[in-house]
Amino acid sequence: MKLKQRVVLLAILLVIFIFTKVFLIDNLDSSAANREDQKAFHRMMAGLRVELAPKLDHTLQSPWEIAAQWVVPREVYPEETPELGAIMHAMATKKVIKADVGYKGTQLKALLILEGGQKVVFKPKRYNRDYVVEGEPYAGYDRHNAEVAAFHLDRILGFRRAPLVVGRFVNLRTEVKPVATEQLLSTFLTVGNNTCFYGKCYYCRETEPACADGDTMEGSVTLWLPDVWPLQKHRHPWGRTYREGKLARWEYDESYCDAVKKTSPYDSGPRLLDIIDTAVFDYLIGNADRHHYESFQDDEGASMLILLDNAKSFGNPSLDERSILAPLYQCCIIRVSTWNRLNYLKNGVLKSALKSAMAHDPISPVLSEPHLDAVDQRLLSVLATVKQCTDQFGADTVLVEDRMPLSHL
């Protein structure tokens, strides 16, 4: 072989060697991250079923103290929660020692204080499981079962940003009325043989009360976050105007995400990726009503986006409100860990996981089969949206490592 040919061959081999080495190193790093994501997924699946039991092993702390200690800036509860069943049992059974009207808002709720001083938000049942809410995606009353299902979806996705929720039956006559404030008590009435109340809120009306089955009312209870973690409210950058004929900027400006990336707290830190995660979460549950969101105060953008108030979900299983995914398809970025988790949940795994997670809830079955099928179908749309982004911009641009600073976006 001539010298010139040998030099060319050696040069080609050297290029192949360097490329292979870089490729292998990159993939080793990627494989290690993927393996950790897969391990986390298997740990989640193994601990998915939560049996409500009163016993707390190896601790003298109350369920409320344990739940309060779980809360940190980036999660409401940790990955491994052996005490979760005991805490949810307490939420579903502890004696109500005070009942009041709910905190301000548009929908009916009651603020209950349980034995031990723990606050919970009670949302009453308004619809049967198979009822379909027609009209706009944000139409209708709050769905109490949606709060329960959304909490378990938060567990399954590995976000851990939703407050604890469990179903509960309360006797309005014997458990609530004797300890109710005058303000709440004044909203009680009887319709037929059923005890009802209409509370105090923007849309609360005496003509539209929530009624028990006799005296027993089904509902959900959401654990109040510790007072040492005060909340700060933010307008969602992809929120709706709720005005007929008036569009929000994101609905007509194709470069809107670029403007968001230049605005605090989305110009650095994890908040923009939290917005993307939340868009995926809301699309899966059919929630088009997150016009505001909460984080912890004085966080400088480091706090998680807390997944509060998820009851405007699971109203219509036929709903496919693609605009909920606007942050994802306009920004075309998503966390690697979120992308991996979504892929692990396809082919019916998500539906199965949700059913398993909710099986022991006191108000089980929490969702009807059409709603469970709809979640699986919406997952396919999320995966297809991410694939469109990676086809257009490449996986290296779209899939963002969880701890990567966002100044490059």
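Glycine is no exception: its Cβ is also placed from the backbone N, Cα and C atoms.
Please treat TrEMBL annotations as automatic predictions, because they have not gone through curation.
Feature annotations, reproduced from TrEMBL:
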BINDING   Q107, K123, T222, L223, W224, L225, E294, D309  ATP binding site
BINDING   D142, D309  Mn(2+) binding site
DOMAIN    191-398  domain 'FAM20 C-terminal'
ACT_SITE  D289  active site
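Note on K123 (ATP binding site): other Cβ atoms within 10 Å of its Cβ, all shown chains, come to 26. Here D309 (ATP binding site) comes close to G105, R290: these same-chain residues lie at least six apart in sequence, with C-beta atoms under 8 angstroms from its C-beta. Spread of the ATP binding residues is 19 Å (greatest Cα-Cα distance among Q107, K123, T222, L223, W224, L225, E294, D309). Within 10 Å of its Cβ, the residue among the binding-site residues Q107, T222 with the fewest other Cβ atoms is Q107. Counting only same-chain residues at least 6 apart in sequence, those with a Cβ under 8 Å from the Cβ of L223 (ATP binding site) are A67, I87, M91, Q118, V120, P163, L164, V165. In the predicted model, the domain 'FAM20 C-terminal' (191-398) shows an average pLDDT of 95. Sequence-distant contacts (6 or more apart, same chain, Cβ under 8 Å) of D289 (active site) comprise P137, Y138, K312.
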